[in-house]
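Here is what TrEMBL records for this protein:
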type     : residues : note
DOMAIN   : 63-269   : domain 'ABC transmembrane type-1'
TRANSMEM : 12-34    : transmembrane segment
TRANSMEM : 69-88    : transmembrane segment
TRANSMEM : 109-132  : transmembrane segment
TRANSMEM : 144-169  : transmembrane segment
TRANSMEM : 190-212  : transmembrane segment
TRANSMEM : 249-273  : transmembrane segment
Amino acid sequence: MAFYKAKRAALLLLAPFILTFFLFQVLPLLWVLVNSFKSNMGEEWGVDNYQFILESRYFRQAIYNSLKISIYSSIAGMLLALPCAWSLHRLSGRLKEATLTISNMIANFSGVPLAFAFVILLGANGCLIALLDQLNIGHGFNLYSAFGLILIYSYFQIPLAILLMLPAMEGLRDEWQEAACLLGAGKFRYWLNIGLPVLMPGILGTFIILFANAMGTMATAFALTGGNYNLLTIRISNLISGDIFLDPWLASALSMILVFILMLVTLANEWLIKPGRLRAKVK
(Lines of atoms letter the chains of each structure in order from A and count residues from 1; the text may use other names and numbers.)
(Lines give C-alpha, C1' and ligand atoms only; values in the text may rest on other atoms or scores of the structure.)
Protein backbone atom coordinates (compact mmCIF):
# COMPACT_ATOMS: atom_id res chain seq x y z
CA MET A 1 0.00 0.00 0.00
CA ALA A 2 2.82 2.36 0.88
CA PHE A 3 4.42 1.58 -2.47
CA TYR A 4 1.33 2.68 -4.40
CA LYS A 5 1.07 5.86 -2.32
CA ALA A 6 4.69 6.70 -3.09
CA LYS A 7 4.11 5.95 -6.77
CA ARG A 8 1.00 8.17 -6.80
CA ALA A 9 2.94 10.99 -5.12
CA ALA A 10 5.74 10.64 -7.68
CA LEU A 11 3.22 10.88 -10.53
CA LEU A 12 1.68 14.00 -8.98
CA LEU A 13 5.10 15.62 -8.73
CA LEU A 14 5.75 14.68 -12.35
CA ALA A 15 2.42 16.14 -13.53
CA PRO A 16 3.72 19.74 -14.02
CA PHE A 17 6.49 18.47 -16.28
CA ILE A 18 4.07 16.30 -18.28
CA LEU A 19 1.66 19.22 -18.66
CA THR A 20 4.43 21.59 -19.72
CA PHE A 21 5.82 19.07 -22.20
CA PHE A 22 2.36 18.49 -23.68
CA LEU A 23 1.56 22.21 -23.99
CA PHE A 24 4.90 23.38 -25.38
CA GLN A 25 6.12 20.31 -27.30
CA VAL A 26 3.30 17.98 -28.30
CA LEU A 27 0.57 20.52 -29.10
CA PRO A 28 2.79 22.82 -31.23
CA LEU A 29 4.14 19.79 -33.11
CA LEU A 30 0.61 18.55 -33.81
CA TRP A 31 -0.43 22.04 -34.92
CA VAL A 32 2.52 22.24 -37.33
CA LEU A 33 1.82 18.72 -38.61
CA VAL A 34 -1.84 19.46 -39.32
CA ASN A 35 -1.10 22.80 -40.99
CA SER A 36 1.60 21.26 -43.17
CA PHE A 37 -1.18 19.50 -45.11
CA LYS A 38 -3.02 22.77 -45.79
CA SER A 39 -2.39 24.75 -48.97
CA ASN A 40 -3.90 27.57 -51.02
CA MET A 41 -4.14 29.95 -48.04
CA GLY A 42 -5.25 27.12 -45.76
CA GLU A 43 -8.37 26.31 -47.79
CA GLU A 44 -7.28 22.99 -49.33
CA TRP A 45 -5.99 19.75 -47.84
CA GLY A 46 -3.34 17.48 -49.32
CA VAL A 47 0.37 16.96 -49.81
CA ASP A 48 0.79 19.89 -52.21
CA ASN A 49 3.24 21.64 -49.89
CA TYR A 50 5.54 18.62 -49.69
CA GLN A 51 5.30 18.08 -53.43
CA PHE A 52 6.15 21.72 -54.08
CA ILE A 53 9.16 21.57 -51.74
CA LEU A 54 10.55 18.41 -53.32
CA GLU A 55 10.06 19.78 -56.84
CA SER A 56 11.51 23.21 -56.02
CA ARG A 57 15.24 23.52 -56.66
CA TYR A 58 15.29 26.51 -54.31
CA PHE A 59 14.01 24.55 -51.30
CA ARG A 60 16.10 21.49 -52.15
CA GLN A 61 19.13 23.76 -52.09
CA ALA A 62 18.09 25.05 -48.65
CA ILE A 63 17.90 21.49 -47.32
CA TYR A 64 21.25 20.61 -48.91
CA ASN A 65 22.99 23.72 -47.53
CA SER A 66 21.63 23.07 -44.04
CA LEU A 67 22.79 19.46 -44.12
CA LYS A 68 26.22 20.41 -45.47
CA ILE A 69 26.93 23.12 -42.90
CA SER A 70 25.55 21.01 -40.05
CA ILE A 71 27.62 17.94 -40.96
CA TYR A 72 30.85 19.85 -41.60
CA SER A 73 30.59 21.98 -38.46
CA SER A 74 29.73 18.90 -36.37
CA ILE A 75 32.72 16.99 -37.74
CA ALA A 76 35.00 19.97 -37.12
CA GLY A 77 33.62 20.31 -33.61
CA MET A 78 34.21 16.63 -32.84
CA LEU A 79 37.73 16.52 -34.32
CA LEU A 80 38.88 19.48 -32.25
CA ALA A 81 36.87 18.65 -29.13
CA LEU A 82 38.09 15.07 -28.67
CA PRO A 83 41.76 15.91 -27.93
CA CYS A 84 40.65 18.91 -25.84
CA ALA A 85 38.27 16.76 -23.78
CA TRP A 86 41.01 14.15 -23.30
CA SER A 87 43.42 16.85 -22.11
CA LEU A 88 40.82 18.18 -19.68
CA HIS A 89 40.24 14.64 -18.44
CA ARG A 90 43.93 14.42 -17.54
CA LEU A 91 43.89 17.80 -15.79
CA SER A 92 42.60 18.64 -12.33
CA GLY A 93 42.19 21.58 -10.02
CA ARG A 94 41.53 25.22 -10.88
CA LEU A 95 42.81 25.05 -14.44
CA LYS A 96 40.24 22.39 -15.32
CA GLU A 97 37.43 24.30 -13.60
CA ALA A 98 38.40 27.54 -15.35
CA THR A 99 38.54 25.82 -18.74
CA LEU A 100 35.11 24.25 -18.21
CA THR A 101 33.68 27.62 -17.20
CA ILE A 102 35.07 29.26 -20.33
CA SER A 103 33.82 26.40 -22.52
CA ASN A 104 30.34 26.72 -21.02
CA MET A 105 30.35 30.46 -21.68
CA ILE A 106 31.53 30.10 -25.29
CA ALA A 107 29.03 27.30 -26.00
CA ASN A 108 26.19 29.68 -25.09
CA PHE A 109 27.65 32.64 -27.00
CA SER A 110 25.75 32.58 -30.28
CA GLY A 111 23.18 34.49 -32.28
CA VAL A 112 23.54 38.16 -33.17
CA PRO A 113 26.43 38.92 -30.74
CA LEU A 114 28.51 36.09 -32.20
CA ALA A 115 27.82 37.17 -35.79
CA PHE A 116 28.73 40.78 -34.91
CA ALA A 117 31.98 39.63 -33.27
CA PHE A 118 33.01 37.68 -36.37
CA VAL A 119 32.09 40.57 -38.67
CA ILE A 120 34.31 42.90 -36.61
CA LEU A 121 37.14 40.36 -36.76
CA LEU A 122 36.80 38.61 -40.13
CA GLY A 123 34.31 40.69 -42.11
CA ALA A 124 35.15 42.44 -45.38
CA ASN A 125 36.69 45.31 -43.39
CA GLY A 126 37.47 43.33 -40.23
CA CYS A 127 40.55 44.11 -38.20
CA LEU A 128 42.16 40.70 -38.76
CA ILE A 129 41.38 40.78 -42.49
CA ALA A 130 42.93 44.26 -42.73
CA LEU A 131 46.06 42.97 -40.98
CA LEU A 132 46.29 39.95 -43.29
CA ASP A 133 45.84 42.20 -46.34
CA GLN A 134 48.86 44.20 -45.21
CA LEU A 135 50.82 40.94 -45.16
CA ASN A 136 49.35 39.83 -48.52
CA ILE A 137 47.74 36.82 -46.84
CA GLY A 138 44.17 35.59 -46.86
CA HIS A 139 42.99 37.02 -50.17
CA GLY A 140 39.66 35.58 -51.29
CA PHE A 141 38.35 34.78 -47.82
CA ASN A 142 34.61 35.43 -47.58
CA LEU A 143 32.97 35.29 -44.16
CA TYR A 144 29.51 35.43 -45.73
CA SER A 145 29.94 32.12 -47.56
CA ALA A 146 29.36 28.50 -46.60
CA PHE A 147 32.91 28.28 -45.24
CA GLY A 148 32.30 31.37 -43.10
CA LEU A 149 29.13 29.85 -41.66
CA ILE A 150 30.93 26.58 -40.93
CA LEU A 151 33.66 28.57 -39.17
CA ILE A 152 31.14 30.45 -37.01
CA TYR A 153 29.12 27.35 -36.22
CA SER A 154 32.30 25.51 -35.22
CA TYR A 155 33.01 28.29 -32.72
CA PHE A 156 30.13 27.22 -30.48
CA GLN A 157 30.13 23.56 -31.55
CA ILE A 158 33.64 22.87 -30.23
CA PRO A 159 33.08 23.92 -26.59
CA LEU A 160 29.68 22.21 -26.56
CA ALA A 161 31.31 18.98 -27.75
CA ILE A 162 33.99 19.33 -25.06
CA LEU A 163 31.35 19.63 -22.34
CA LEU A 164 29.43 16.64 -23.71
CA MET A 165 32.46 14.40 -24.26
CA LEU A 166 34.15 15.05 -20.92
CA PRO A 167 31.84 12.71 -18.91
CA ALA A 168 32.53 9.96 -21.46
CA MET A 169 36.26 10.57 -21.09
CA GLU A 170 35.91 10.31 -17.31
CA GLY A 171 34.63 6.77 -17.86
CA LEU A 172 38.01 5.65 -19.17
CA ARG A 173 40.14 4.08 -16.46
CA ASP A 174 43.92 4.23 -16.29
CA GLU A 175 43.94 0.59 -15.22
CA TRP A 176 42.65 -0.46 -18.64
CA GLN A 177 45.59 1.11 -20.44
CA GLU A 178 48.04 -0.31 -17.91
CA ALA A 179 46.57 -3.79 -18.34
CA ALA A 180 46.73 -3.43 -22.13
CA CYS A 181 50.40 -2.41 -21.90
CA LEU A 182 51.17 -5.43 -19.71
CA LEU A 183 49.62 -7.65 -22.37
CA GLY A 184 51.84 -6.09 -25.02
CA ALA A 185 49.39 -3.65 -26.61
CA GLY A 186 50.66 -0.22 -27.58
CA LYS A 187 48.73 3.05 -27.38
CA PHE A 188 47.33 2.65 -30.89
CA ARG A 189 46.09 -0.86 -30.12
CA TYR A 190 44.62 0.31 -26.82
CA TRP A 191 42.64 3.12 -28.44
CA LEU A 192 41.55 0.92 -31.35
CA ASN A 193 40.27 -2.01 -29.28
CA ILE A 194 39.36 -0.43 -25.93
CA GLY A 195 39.29 3.38 -25.89
CA LEU A 196 37.26 4.08 -29.03
CA PRO A 197 34.67 1.29 -28.48
CA VAL A 198 34.05 2.63 -24.96
CA LEU A 199 33.79 6.22 -26.22
CA MET A 200 31.79 5.42 -29.37
CA PRO A 201 28.29 5.82 -27.83
CA GLY A 202 29.35 9.18 -26.41
CA ILE A 203 30.93 10.24 -29.71
CA LEU A 204 27.83 9.32 -31.73
CA GLY A 205 25.47 10.91 -29.21
CA THR A 206 27.53 14.11 -29.12
CA PHE A 207 27.65 14.25 -32.92
CA ILE A 208 23.85 13.95 -33.08
CA ILE A 209 23.45 16.81 -30.59
CA LEU A 210 25.89 18.98 -32.55
CA PHE A 211 24.09 18.16 -35.79
CA ALA A 212 20.70 19.03 -34.31
CA ASN A 213 22.13 22.21 -32.80
CA ALA A 214 23.48 23.32 -36.18
CA MET A 215 20.33 22.34 -38.09
CA GLY A 216 18.17 24.40 -35.75
CA THR A 217 20.39 27.48 -35.67
CA MET A 218 18.89 30.49 -37.40
CA ALA A 219 19.80 33.73 -35.60
CA THR A 220 23.55 33.52 -36.22
CA ALA A 221 23.22 32.78 -39.94
CA PHE A 222 20.46 35.36 -40.40
CA ALA A 223 22.43 38.07 -38.58
CA LEU A 224 25.53 37.33 -40.64
CA THR A 225 24.02 37.01 -44.12
CA GLY A 226 20.82 39.00 -43.70
CA GLY A 227 18.82 36.01 -44.92
CA ASN A 228 20.67 35.91 -48.26
CA TYR A 229 22.19 32.47 -47.67
CA ASN A 230 19.72 29.71 -48.43
CA LEU A 231 19.20 27.68 -45.25
CA LEU A 232 16.18 25.69 -44.14
CA THR A 233 15.66 27.63 -40.91
CA ILE A 234 15.96 30.98 -42.71
CA ARG A 235 13.37 29.91 -45.29
CA ILE A 236 11.00 28.87 -42.50
CA SER A 237 11.49 32.22 -40.77
CA ASN A 238 10.88 34.18 -43.98
CA LEU A 239 7.69 32.25 -44.74
CA ILE A 240 6.34 32.98 -41.26
CA SER A 241 7.35 36.62 -40.85
CA GLY A 242 7.68 37.80 -44.46
CA ASP A 243 5.35 40.54 -45.67
CA ILE A 244 5.44 39.45 -49.32
CA PHE A 245 5.97 35.68 -49.20
CA LEU A 246 3.87 34.91 -46.12
CA ASP A 247 2.93 31.23 -46.18
CA PRO A 248 2.79 29.61 -42.72
CA TRP A 249 1.42 26.37 -44.21
CA LEU A 250 4.46 25.92 -46.43
CA ALA A 251 6.63 26.84 -43.44
CA SER A 252 4.90 24.08 -41.47
CA ALA A 253 5.78 21.56 -44.18
CA LEU A 254 9.43 22.70 -44.13
CA SER A 255 9.40 22.39 -40.34
CA MET A 256 8.13 18.82 -40.56
CA ILE A 257 10.89 18.00 -43.04
CA LEU A 258 13.38 19.37 -40.50
CA VAL A 259 11.76 17.25 -37.77
CA PHE A 260 11.91 14.19 -40.04
CA ILE A 261 15.63 14.70 -40.74
CA LEU A 262 16.43 15.02 -37.03
CA MET A 263 14.29 11.98 -36.16
CA LEU A 264 16.01 9.94 -38.87
CA VAL A 265 19.46 10.87 -37.59
CA THR A 266 18.44 10.14 -33.98
CA LEU A 267 17.05 6.71 -34.91
CA ALA A 268 20.24 5.93 -36.83
CA ASN A 269 22.25 6.86 -33.75
CA GLU A 270 20.12 4.57 -31.56
CA TRP A 271 20.56 1.73 -34.04
CA LEU A 272 24.34 2.18 -34.12
CA ILE A 273 24.85 2.27 -30.34
CA LYS A 274 22.31 -0.47 -29.52
CA PRO A 275 24.84 -3.35 -29.86
CA GLY A 276 27.14 -1.60 -27.39
CA ARG A 277 24.31 -1.26 -24.87
CA LEU A 278 23.41 -4.93 -25.24
CA ARG A 279 27.02 -5.96 -24.66
CA ALA A 280 27.15 -3.74 -21.56
CA LYS A 281 24.00 -5.42 -20.16
CA VAL A 282 25.43 -8.88 -20.78
CA LYS A 283 28.63 -7.95 -18.94
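Numbers run from 1 along the shown chain.
A Cβ is built for glycine as well, from the same backbone N, Cα and C atoms used for every other residue.
Because TrEMBL annotations are produced automatically, they should be read as predictions rather than curated entries.
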Worksheet item: What stretch in 12-34, 144-169, 190-212, 249-273 has the biggest tally of Cβ pairs under 8 Å against the transmembrane segment (69-88)?
Response: 144-169
Item to complete: Report yes or no: does the transmembrane segment (249-273) come within contact of the transmembrane segment (144-169), defined as 3 or more CB pairs under 8 Å with a sequence separation of 6 or more?
Response: no
Worksheet item: Who are the long-range neighbours of the transmembrane segment (190-212) in its own chain, taking Cβ under 8 Å and residues 6 or more past its ends?
Response: 70-71, 73-75, 77-78, 81-82, 157, 160-161, 164-165, 167-169, 171-172, 176-177, 180-181, 262, 265-266, 269, 272-273, 276-277
